[in-house]
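**Q** My questions will all concern the structure given below.
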Amino acid sequence: VVLRPASGSRQQDAPGAADGLALASDPGGTLNFLAMVENLQGDSGRGYYLEMLIGTPPQALNILVDTGSSNFAVAGVPDPDVTSYFNPELSSTYRSQGIEVTVKYSQGSWTGVLGTDVITMPKGLYGSYTINIATILESENFFLPGVKWHGILGLAYDALAKPSSSVETFFDSLVRQAEIPNIFSLQMCGAGLPVSGSGTNGGSLVLGGIEPSLYTGDIWYTPIKEEWYYQVEILKLEVGGQNLELDCREYNADKAIVDSGTTLLRLPEKVFSAVVQAIARTSLIQEFSSGFWTGSQLACWDRTEKPWSLFPKISIYLRDENSSRSFRISILPQLYIQPILVIGDNLQCYRFGISSSTNALVIGATVMEGFYVIFDRAQRRVGFAVSPCAEADGAPVSEIEGPFTTADVASNCVSSISFHEPALWIASYALMSLCGIILLVLIVLLLIPPRCQHRYTDNDVVNDESSLVRHRWK
């Protein structure tokens, strides 16, 4: 094995003809989900995107599908890193709300103005719908060189919407206006393929239901623990069939979410360290540079070799809807040892598709590319089924098995304290009140009128290191 520096490939923190559909209100009473099959393009390195027509006359843009955020936002001015943008002045149906919105990530941000306009989807629901849309006027490290999308479609809950949860999300608007079921499903077909950014890998975003042709076997459901991100409960991890033997709360520190806007499987630091040690123990490579595990180096093999046989499979156990049972989703090395770069005529280089996180376990594209994932908001659950496109060299690279007993794990593996934004707002307002009382006392006693200057607003930093803004190749 040859190790090469991964400089120039490090990741940043943070993000056709119309097909007819029979709507639920039609006499047939059904949706033609087949019209939405293969309506996505992209890959796990730069995200999967959907073509959308915005405004009157329509302007065509590619929109990133992100289940880890809740705003619908598009480039609203020219940007050197985007090939197209939405010009609201050219749309007769655009209505500005005059409200500025800023979304900040640990690295990367954008600022825009809220408005409304009509959208249609060439391979989506038939008809036009009026949607809240933020036109991005300024951004930093959000649009990066080589991305083929021009905006972001946040499909999480309104609790994450900016500047407040009163902004109706894109999918909530569709459910209300199109009268579709409150459920969508997602298939991303990049398993085992190079993370090239070519946009040639396919996928499907099915709005309003489940398409049977996109999965095999049974669908296994796990409850949504809280409706902000799609937060789930992880019970344990296995590497090569061996339990990591960690307290199950470590896997959910401080949350575990399913996020299509994350390229990698992200693990809390303690879990990440245990996984790397377990892979190193069970792999057939005796000595391996630490730079590969941390993402600073790529591992390169002769192009005639396939390194995947050297690594173990990884299994994630999720709590079943019946809380006394669990099921496991497993990914083979073809999903987490990812081809990136060809050097000369002989070497193929790979990255490690797992990274550490300070605030979440994130089931990102590294895992999701193995499955058809159902976001059943109506019944507050996330479903997983094996995806028929999750194959490499004709063999499946993902598995689902169950049920298993949960007698060996705690009855609740999720912290009782939720550190998401509503809780932060409450804490911040309490601190502001205390600050005001202290200032009043100081004013009276010292006759000096200092001001309490620290205020939290709805535009504060989103502490979401799972965003695709972090996990893009630069």
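Glycine is no exception: its Cβ is also placed from the backbone N, Cα and C atoms.
Caution: TrEMBL annotation is automatic and unverified by curators.
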**Q** From the list Cys389, Cys413, Cys435, which cysteine is recorded by TrEMBL as disulfide-linked to Cys189?
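**A** Here TrEMBL pairs Cys189 in a disulfide with Cys389.
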**Q** In TrEMBL, Cys248 sits in a disulfide bond; tell me which of Cys300, Cys349, Cys413 is on the other end.
**A** Cys413
**Q** Cys349 forms a disulfide with which residue in TrEMBL, given the options Cys300, Cys435?
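**A** Of the candidates Cys300, Cys435, the one TrEMBL pairs with Cys349 is Cys300.
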**Q** List the residues of the same chain that sit at least 6 positions away from Cys413 (disulfide bond) in sequence and have their Cβ under 8 Å from its Cβ, in sequence order, or write 'none'.
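**A** In sequence order, Glu233, Ile234, Leu235, Cys248, Arg249, Tyr251, Asn252, Arg319 meet the Cβ cut-off.
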**Q** Hey, of Asp66, Cys300, Asn322, Cys349, Cys389, which of those recorded positions are within 10 Å of Asp259 (active site), Cα to Cα?
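**A** Within 10 Å of Asp259 (active site): Asp66.
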**Q** Let me check the 10 A CB neighbour count of Cys300 (disulfide bond). How many other CB atoms are there?
**A** 21
**Q** Measuring Cα to Cα, how many Å separate Cys389 (disulfide bond) from Asp66 (active site)?
**A** 20
**Q** Quick check: of the recorded positions listed here (Asp66, Asn322, Cys349), which one has the Cα closest to that of Cys189 (disulfide bond)?
**A** Asp66
